[in-house]
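J.: To start, I am sharing the structure in question, which I have written as structure tokens.
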Amino acid sequence: MAQAGRTGYDNREIVMKYIHYKLSQRGYEWDVGDVDAAPLGAAPTPGIFSFQPESNPTPAVHRDMAARTSPLRPIVATTGPTLSPVPPVVHLTLRRAGDDFSRRYRRDFAEMSSQLHLTPFTARGRFATVVEELFRDGVNWGRIVAFFEFGGVMCVESVNREMSPLVDNIALWMTEYLNRHLHTWIQDNGGWDAFVELYGPSVRPLFDFSWLSLKTLLSLALVGACITLGTYLGHK
């Protein structure tokens, strides 16, 4: 596989296509448009639901409420360094890893979905609290996969609760977090190419992932207006 160089691949593309995949598994068709046509390093372009599941669309006044009530800083679109297109095998390997993870912890994810209590006012705070806890003790590939699965759960739950505009916000927050907090670790550990080489279909089954042999604490506790997700404990 061709190396992407120090700058790596476009995290925005990885996020958008992963969310599209997770929503399509539930029968929701989220059209992300031509991801590759957007300026590399820019903020994600909003997606469009070709099948709009909500009978009462979220009022426009609420669509930006999550961003305004979040402890995270708003993302600013920039024209950063040139990034390499993401090879299809990266998307495929990440999808397989996410599916394997969700199968192993199906009951936990179902419980998490029922306790998220997402609203346009709370969504970004929920996201920030969970992600902070997830990476509190460090980064590894297992936690990165869990990060993508959690984002997918939030998107599906948003559509289920007739708040589909939140999906675009969640994609933005995920891209922002990857760029600001995970990109350096990913590059220092061989980039997404290393992820594929370590855990791709031609190497070993996903069920043999050492970081999926988790002593998992996937518990949700509501404390006031915040939600805490126990860290997915894993090892590289």
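Just so you know, glycine gets a Cβ as well, placed from its N, Cα and C.
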J.: Motif 'BH4' per Swiss-Prot sits at which of 10-30, 157-177?
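T.: Going through 10-30, 157-177 one by one, Swiss-Prot gives motif 'BH4' for 10-30.
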J.: Given the ranges 184-199, 216-231, which one is assigned the annotation motif 'BH2' in Swiss-Prot?
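T.: Feature motif 'BH2' in Swiss-Prot: residues 184-199.
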J.: 10 Å Cβ neighbour count around Ser84 (phosphoserine)?
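T.: There are 17 of them.
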